[in-house]
Each structure stands twice: as C-alpha cells, then as structure tokens.
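Input: a single structure, listed below in structure tokens.
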Protein chains: 2
Amino acid sequence: MPPFDIPEGDPFGPHNLPYGVFSAPGPDSARRVGVRLGDHVLDVGAAAYALGSPYAPLLARPSLNPLLAAGRTTWSDVRRALTAWVTVPSHRETIERHFHPLSSVTLHLPFEVADYVDFYASENHARNVGRIFRPDAADSLTPNWKHLPIGYHGRSGTVVVSGTDVVRPSGQRKAPADPEPVFGPSVRLDIEAEVGFVVGGPSERGKPVGLADFRDHVFGLCLLNDWSARDIQAWEYVPLGPFLGKSFATSVSAWITPLDALEEARVAPPERTHDLLPYLDDSQDEPGGYDLRISVAINGHVVSEPPFSTMYWTAAQQLAHMTVNGASLRTGDLYGSGTVSGPTERERGSLLELTWNGRDPLELPDGKRTFLEDGDVVTMSAWAPGPGGVRVGLGEVTGRVSG
Amino acid sequence: MPPFDIPEGDPFGPHNLPYGVFSAPGPDSARRVGVRLGDHVLDVGAAAYALGSPYAPLLARPSLNPLLAAGRTTWSDVRRALTAWVTVPSHRETIERHFHPLSSVTLHLPFEVADYVDFYASENHARNVGRIFRPDAADSLTPNWKHLPIGYHGRSGTVVVSGTDVVRPSGQRKAPADPEPVFGPSVRLDIEAEVGFVVGGPSERGKPVGLADFRDHVFGLCLLNDWSARDIQAWEYVPLGPFLGKSFATSVSAWITPLDALEEARVAPPERTHDLLPYLDDSQDEPGGYDLRISVAINGHVVSEPPFSTMYWTAAQQLAHMTVNGASLRTGDLYGSGTVSGPTERERGSLLELTWNGRDPLELPDGKRTFLEDGDVVTMSAWAPGPGGVRVGLGEVTGRVSG
C-alpha cells in the first residue's frame, strides 16, 4: 500500500525526508508542512497530532519558519521522530491517512524569506565570465576572488517557488555600439543553476558566526535558479552591482533537504591555491563541500550537468564571511551558492557560458538557443550520494518563461 | 496643559504628525503605534478606542505595517482623523491621558522592513566619488548614471532604529600597495546622510509601478544613515557591488513622516541634462523633489548641511525604475535615496567627501576627524517647509560607534 511500498533505492525514500509546504484539494485548503516520501506527501502536523507527538505544535503550521527557528537539536530530534513514523510498522495505520499523492497537492514557498544573498563561488564560472567580458585581462579572476567569497544582496520579495511562471523582464539595455540606451523586453534572458542554503537559527548583530558553527545555523538546502537578464545587467551593474537584471524573480525548489540527510555527500572542496585568513581557513575542518549532481534541462532536454563538488567556496565559508562584519542572521535567510559550473563545457550552469555569450548556440530538439525564448521551461534537478549507495533526491526547481 | 500647549511654529505641531512605535515604562510595556506632537507621543490606538474611532483596530498594533498595508485612501482618512483629535477642543479631555512625554518612552523600529534598496541619486555625490576614486577618468560619472537611477539591494535584517549603537565592523581590506589583504576592524568607518522612503501598498509581480502611482505606494519618509566601511567596501565591491562594507548596520529615524505632511516641500528636481526613457520622464509631472534641509552632526558639532532638493533622481523615479522589470513591492519595503550631497563643501553627506578621502581632516572641537572614531555619536536631523512658513520637523537619526 502506498506510500509505504516505496521501491528499494527510491531517491525520496525514508533516508531523505525533505520538507515543504503544501495545500490539499478539498474543503480544507490551508497550507501545512509536509514531508516527501516517494511520490506522496505526509501532512506531518496532522500525523504528529495523531501520534501524540510533542512536535505537533511546531509542525502543524503554514510555513517551515517555526521549525527553522527551533534550532539544530530540535531539527535532529524531529528528523529522528519522522524517520520512526515512516519506518516502524506499528505507526503505519495511524499515519497512512495523512499521506497525499504528490500529484494531488499544490506546493508553496516553504518558508518566509528574510534576507536573500547570492554568492559567486564557482571558480570555473567566475573564470568563464571573466574570459567572456574581459578577454584582454591578464587574469580572468578579479584580485579579490581567491581571498573572499564575493556576494551581494538580492530581492527576497521575488523569491518564488518552483512551478511559478517567470515573466520576461523589461528594462534598459545598451550595447557598446548603441548611441543611447533602449528600452524593451530582455533579449538575453538566462538561467543560473545554483544551490540555496536556508538559515534556521538566528544570530546576534555584532557577533560573527564562525566556520565551526555553520550547522547550528543552516538547516538545509534547495535548488535555486537565479534568473538573469544579461542585457539589463550589463548596462546597470557598474559600479554597484546587479539590480534589475536579477530582481524580477529567483526560483527555489519546493523541497528543502535537511543537511542531516546529506552526511554521505560531504566532500572536501577543491584545493586552495591561496592562504586564507583565519576566519575562512577550513583546512583543518571536516569536509565543507557537498557532492550534488545537478542536471539542467530546457523543455525536457538536458543541456548541462554542473557538479556542485567543484565549488571553490563552501557554504560554511560563505556564512562565516557574510557575518564576519557583525551582520546578524534571521530565521528564513536564504543564500545562493552562485552559479555552479564544472570544468567541462557540458557542466556549465548558465546559457551565457554554455553558448559562450551567444556565439555557440545550443542545438535543442526544437531549435537553436542562445538565450531563453518565451514558453521555454527550465528544470533543474539533482541528487547526492546517500547511505548504502542510495541516492538522495533534491526537489526540482522548474519555471516557464512567459512573454 | 501639555501636549496641547505647543508653541506656535513648533516643527512637530499638528501640521506634522509623524508615526512611530513606542513602549512606555510601567507594567504595560507592549509596543504600540504613536504619533508625535511637540515633545509628547500620543498612543493613537488607545486614543482611537477612547474616541470610538473605526481606525482603532488598525492603530492599536505593535507596528506600522497594518496601517502601511491599508493604502493611500486610509492613510489620508486616518491623518484627517488624527488632526481633528489633536486640534478640536472637545476631544481634549478624552485623549489627553493617552499622551506620554517623549523623554519617558522607548522608541522602536517602526515597521518590519521587507526588502531594503539603496540608490545613488545625488549627482554631486556621484561626481565626488568618481573624482576621488577615478581621478583620471574623462567623466566623473559612469556612462549609465544619467540614464537610470543606480541602485542595489542591502540587508534589511540589520536596519536599526535611531539610538542603536553601531559596532565597528571587522573585515578584509587591502590597500593597493599591500601584498595581501589584512583583517581587522575597519579603519575608514563612514556615514552616508540619506532619506529613506517607506512602501505601504504592495504591487504584483510582473506589473511595473509607473511614476504617476508613486503616492499610492509610498507612505512616507525617514532619515537614514547608511553606515559604510570604506576600506572593506573598496576591496570587495568589484564586480558585484557593496556587501559587508554596508551590511553591518543601517540606521533609520524612529519617526516616519507621511508624504501628506510634506505637500509644501515639493520642488522640481534639478534640470535634466539627458532625455529620459518614457518610464522615467517626469518632465510633465508635478514636482517630484522634496526640499528637505538636512543637518549632520558629530558629537553635537554640525559638519554638513546636505540639501535634499539637489537630488537628481526623485523617489518616484526610483520606484518606477525598481519595478520596471516586474519586481513586486511588499508592505515595509524601504529604499534609501543615496547619499545627499549639495554642490558646496559644507553640503557633503559623507566623510569620504567632507575630508576628500582623508586628505583634508575635519576640525572638530574634540580633535581632527578623517573617519569615525570609537565613541563618536553621529546625528542627522532635518526640516522641510510646511504650511504658512512653519517648519515640518523630521525625526532625527542618531547612533554611537562602539569599538
């Protein structure tokens, strides 16, 4: 009987248990926290009440924020409880009525986004961008790149859940040869394949969060598409950085994978080529990278497989850097890894790189692509190595471009 | 009897009525919405209930957000009601018990900040910065400056209310001659005198807000100090803009002045030297500037008087630009004007400009200053022309640097 008859090796088996927020069809359409198991969603608040669990008040909520705010010990305790609910046969009869087929529910943005920060942590991506835009520079990286994880704040109010249409943005653009800027819909709409990290436990203003405290603050991760209008961005971004070229939409997967589900995916980041200042020096720490195998498809056709394990800066380093000036964290803060690009052509995480700024169009079954066309559906999915060789699936992030 | 015996011409008279959030000493220390009258605060929720006002449920709240969300018609209706309460003698007996001396209350951040954006809209400031950092450039402005209001997102989680101490941030810095970056407390801690605009009414994703709809979305304004660590900023900001050099703290005044109180302060912005794209063209509109006379003091000594009327880009243009790509607005969005600098030396809104990057120290009664020292208290205040020549006072924004 579903959902307990999950095939051996299902990437959304009981070893995974990502969190989301859903609403079910029918008279009670309230939003509630759900955990994915196979192709079903467990209403964990209802299940918790049915089982008399002390976590019921934390889980029977319309958003993940209360759970996020509860802190690491509670995250682990709740995960242990959930694992027991879905694996111990005696709970089966009590909770099975609280499962909903995934295909029947609506998935919502799983948490209220506080601040959103985006990083730039893939050396391959940064070098590709440097080669494209500064072909004559002696070094394709800016001088600061190997010393700190470069980041900037984005718009948290336009973070949308997977499945939300993305309206092609209009704005100013000016090619170098144009005498004046022109206004209109972006003609260079792009994607950026990223991983988003979700902050649970807050921190105090004036108190940096060190590398060792990463797991006390970051609850889990999601896939993230940092939609980018390259023409708008190119004209606006000097000297204060990206603004309207990015702020129209950022899509995140509906499922947040807890870091506790990704223990087997931890890997060492690439070898560091520069000495790091002490607050960023992770050379004596446990592995800070994650081996996430991302796949990017346009209209169902896979165009790239960016490997997250190649990221130069880790999420722990990004958190340490983001707070080293005393900036505080809030529950619901989200930060993106930056575009994930591997060393080979088929591992690049943006069309800018995949088509080398439009010079080498991609050949798709439905025609050539330099940048996105109206109606294109972009879908990113990923998996990570899990216990006993079983994969841990990440929720996909998908979005359709509307004109 | 106070607070009704307000001296003629008091800048916080009944023509002003700025909003804030306060808590009173004593057993009921809950946060509540207050309106300033002279040197008193009216608990407007309690007054509304005492008078049987229909606005009581909107005003008896711990934050301004419900009022902000209510929209422009309600803002005007509530303001008319408040004006009657504090000017019609028959209300006097009912409401006078709901006044608190300003000196007895604690003022709080008056609204929950959603997204925070900072602009760069003073031509004098942008040219000064260009001259200081790019002395050999043909034009002190970047090519895009006269075509669009340059902006970027900042950290909303570290927006703090006036009176909050600001901890000197630590971070990486690297002077051009340094072989490697060094880490430590910023040695070039600066201020930026700005005006902040507070968004009330939200907008839909994908629907730009035109120039003409500015007043439907922006409720009021405040003073804002965009604290800036110049050394951290200089090393980090290429290519993605300011991050840790700004994100440690942004201070706002405790009082939000409704735009309805500033009708007499409206002025035309400076003459435009370039044709503007239609979505930014305000040449046929009512005056979009505001004549706000700002004063910046360090330890009580006035060092600058930046005139807001000199800002090239108006708040309406900034809003139109911020949303032209389809980015949505949320109740509580805050955007800063950018540093306000007038054409003369005594009108510059940052120490970077006032000391010309440290070359010309300021002479204060307690010694020379290039950048801020621990213990320095920075206070910005302002006023605007009001009805009949009476000034409209803006709430001050003050903060002390702690080491």
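Each Cβ is built from the backbone N, Cα and C atoms, and glycine gets one as well.
Keep in mind it's a predicted model, so treat the numbers as computed, not measured.
Together with B:R134, B:Q233, B:Y237, B:T339, the substrate site in TrEMBL holds one more listed residue from B:Y116, B:Y120, which is B:Y120.
Ca(2+) binds B:D118, B:E192, B:E194 as TrEMBL records it, and from the list B:D165, B:D226, B:D231 the residue named for this site is B:D226. Chain A comes within the C-beta cut-off of under 8 angstroms for the following of the binding-site residues B:Y120, B:Q233, B:Y237: B:Y120, B:Y237.
Taking B:E192 (Ca(2+) binding site) as the reference point, the binding-site residues whose C-alpha atoms are within 10 Å of its C-alpha, out of B:Y120, B:R134, B:Q233, B:Y237, B:T339, are B:T339. Taking the Cα atom of each, B:Y120 (substrate binding site) and B:D226 (Ca(2+) binding site) are about 12 angstrom apart. For the binding-site residues B:R134, B:Q233, B:Y237, a Cα-Cα cutoff of 10 angstroms around B:T250 (Mg(2+) binding site) retains nothing. In sequence order, B:Y120, B:S122, B:H125, B:E192, B:A193, B:E194, B:D226, B:P306, B:G349, B:S350, B:E353 are the residues near B:T339 (substrate binding site), counting only same-chain partners six or more apart with C-beta under 8 A. When the binding-site residues B:D118, B:R134, B:Q233, B:Y237 are compared by Cα distance to B:K246 (Mg(2+) binding site), the shortest distance belongs to B:Q233. Of all the recorded positions listed here (B:H125, B:R134, B:K246), the one with the fewest other CB atoms within 10 A of its own CB is B:R134. Per DSSP, the domain 'Fumarylacetoacetase N-terminal' (B:15-110) is made up of 47 helix, 21 strand, 28 coil.
In the predicted model, the domain 'Fumarylacetoacetase-like C-terminal' (B:117-401) has a mean pLDDT of 97.
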